[in-house]
Amino acid sequence: MSTPSLLAIGLGNPGAEYEDTRHNVGHQVIDGLSGRLDISLQHQSDALVGWGRYVDQKIGLAVPLTYMNRSGDAVAGLRAHYDLPIDRLLVIVDDLHLPVGTIRLRPTGSSGGHNGLAHVAQRLGTTEFSRLRVGIGNDFPEGRQSDYVLSPFTDEQRPAARSAREDAEDAVLTMARDDIDAAMNRFN
């Protein structure tokens, strides 16, 4: 298999009960891309993975089947299985520090308090991987963060959340076609 231009991995929790939650926005972005690119995701170890082409670039899409806080196991496993250079990985996550409707793409960085990203960094042994954060807002009472991230967007938030997911999909495609700098210039 030729080396892909990008393997985009959307973090979230497995199971229908989490499908439409804020915490699963990474999965939702991958679902949108798989539909747009007609890429079917197949079970492989502890992830769903699919491969296809965008323009003239090979692109991979994946969603871990592990819970968010154990996402690093799946990400590290995929990287090892496909012998991918770290700069070919893009991890997509929810971010409660960003307003609903916004995205932020970075080539490296901290976990920002996100347990899924922290576990990915731990298992990869580095923070030098690209990440795409999709804003979910933080409109919750003190001590209710878990309830907030594990609930769906409100009716008022849905249009902005949908727009952010579409922007995130476009950012992934821009990164696959061009590079992360082009995607950051367009979407940050």
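Cβ coordinates come from backbone N, Cα and C, glycine included.
According to Swiss-Prot, the features are:
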- N13: site 'Discriminates between blocked and unblocked aminoacyl-tRNA' (SITE)
- Y18, Y67, N69, N115: tRNA binding site (BINDING)
- H23: active site, proton acceptor (ACT_SITE)
- D94: site 'Stabilizes the basic form of H active site to accept a proton' (SITE)
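Here the features listed in Swiss-Prot are painted onto the structure.
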| residue | record | Cβ contacts under 8 Å, 6 or more apart |
| --- | --- | --- |
| N13 | site 'Discriminates between blocked and unblocked aminoacyl-tRNA' | T21, H23, N24, Y67, M68, L150 |
| Y18 | tRNA binding site | G12, N24, L150 |
| N69 | tRNA binding site | N115, G116, H119 |
| D94 | site 'Stabilizes the basic form of H active site to accept a proton' | L11, R22, H23, N24, V25, G26, H114, R133, V134, G135, I136, V149 |
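Of the chain residues outside the tRNA site list Y18, Y67, N69, N115, G12, N13, H23, T66, M68, R70, S71, G116 have their Cβ within 8 Å of the site's Cβ mean position.
Of all residue pairs in the tRNA-binding list (Y18, Y67, N69, N115), the one with the greatest Cα separation is 17 Å apart. Around H23 (active site, proton acceptor), a 10 Å sphere centred on its CB holds 23 further CB atoms from the protein chains shown. In the three-state DSSP reading, D94 (site 'Stabilizes the basic form of H active site to accept a proton') counts as strand.
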